[in-house]
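Novice: What follows is a structure written as structure tokens; I'll ask about it next.
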Ligand code: NAD
């Protein structure tokens, strides 16, 4: 169904707008969710004309892989004609007056019913300033239309700065109007975690401390820091990946079943799940978290992090984090959750492994001489593969009773994956509909910071021995030790 709205994109000339937002809006246009009744104002410092802006928008959707050069040329041009550019310095109050005039004009011209989505595709230090001006210069409509604010990560550097940021935008927008993007929540396989857990009686019945031995979450990247050193030197893996994406996944894995699957009920259960993760003391954080930074690879063809362009020679930024979390959520109370993320690892893969408890007795041991039988493992593949694998055990076509693992596999084909909407397309569509199910609530963001701040604090007080893992490995040895001391090992190991 067509949605009516005016988008005002702060940072309209930036990388995010070009690579993600314009192609996502075009996909919504292709599918008819945006038609005649929408307009976009892009604002940034550069003095672009509307015509130039239209070229940029068409190029961005072309670069994103949409077929613009042939059949879609007319459609892309028509789409781009809904875009208006206004040169703007976020600190200058006068510009907001001009922005308001243009917004009101477009509202009439396209019959937008006063619906406005403000998208902050800029560095977070500007969010408070922009929100203040939007309010003071009356850019928020009050004629029955909606005012929604979409903001990007990073949402603060720790709890204190996140709270300051939240307070600053809350002067103009209430929590219901704020859509905090964690693009992981827009990914189809992340959204499917709840459907897998709560649509399958066999999975649902086993998802508890009686049957689950441990849960492992891996977000492994094979690339290094690439061109992002400027940002990464101020963030590191903990802020870039763990506080947001990893903890969001953990909350979906450990939450109790919501009454119904909507924003309100899901949020309640996710907040409860995060509150039920044990808040470590500094000593516990030291025992249960490991950080790492990549060095060169074994043949010296990959640069160590500290030699990458834009990084400091003595950088203490972590490119790897592993940790053990414990939940007190009644169903899974005491089940350890091992998490890890890192750059320059052996293989790119985001996956979740649910390792089930073994049986207390192998009745075939007399026949085979083997005491142990393999445990069952459910793997949820998030990217690049999408789907799941269940590892089961049985005898396999041999004379005796040698119990072997077998794999029940479901993988989406590349044709199926190609049809899945991009995370930004889904999330912008959700924001248009006012559906907050897949956005991070302040209660989740703030709790996640509190859980991780204590880890960060222990690290800030000690000098790490970096680099401590080889590019192309699966991270520092200490991350393996973290599991070995519990008598466990990482399930995903492409080097095995
Ligand atoms: P960018 O540097 O490419 O773009 C920044 C934009 O802000 C530009 O349009 C620039 O002109 C504008 N700008 C800067 N100062 C301004 C001022 N004083 N007045 C008016 N305009 C000004 O950054 P980006 O990569 O597009 O990222 C934008 C935000 O999105 C950041 O918060 C970033 O952390 C976040 N983010 C980006 C990505 C990504 O893939 N690029 C992914 C996740 C989150």
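Heads up, the Cβ atoms here are built off N, Cα and C, so glycines get one too.
Automatic, uncurated: that is what TrEMBL annotation is.
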Novice: Can you pick which of 164, 221, 259, 366 TrEMBL lists for the same substrate site as 183, 187, 240, 343, 348?
Specialist: 221
Novice: Checking proximity to ligand 1 here: which recorded positions out of 45, 153, 221, 240, 245, 348 have their Cβ closer than 6 Å to it?
Specialist: 45, 153
Novice: Find the average pLDDT over the domain 'Glucose-6-phosphate dehydrogenase C-terminal' (195-491) in the predicted model and report it.
Specialist: 95
Novice: Using residue 187 (substrate binding site) as the reference point, find which of the recorded positions 45, 153, 245 has the shortest Cα-to-Cα distance to it.
Specialist: 245
Novice: Cα distance, residue 45 (NADP(+) binding site) to residue 245 (active site, proton acceptor), nearest Å?
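Specialist: If we compare the Cα positions of residue 245 (active site, proton acceptor) and residue 45 (NADP(+) binding site), the gap is 31 Å.
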Novice: Check each residue in the chain of residue 240 (substrate binding site) that is at least six apart in sequence and keep those whose C-beta is under 8 Å from its C-beta; list them in sequence order.
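Specialist: Listed in sequence order: 154, 232.
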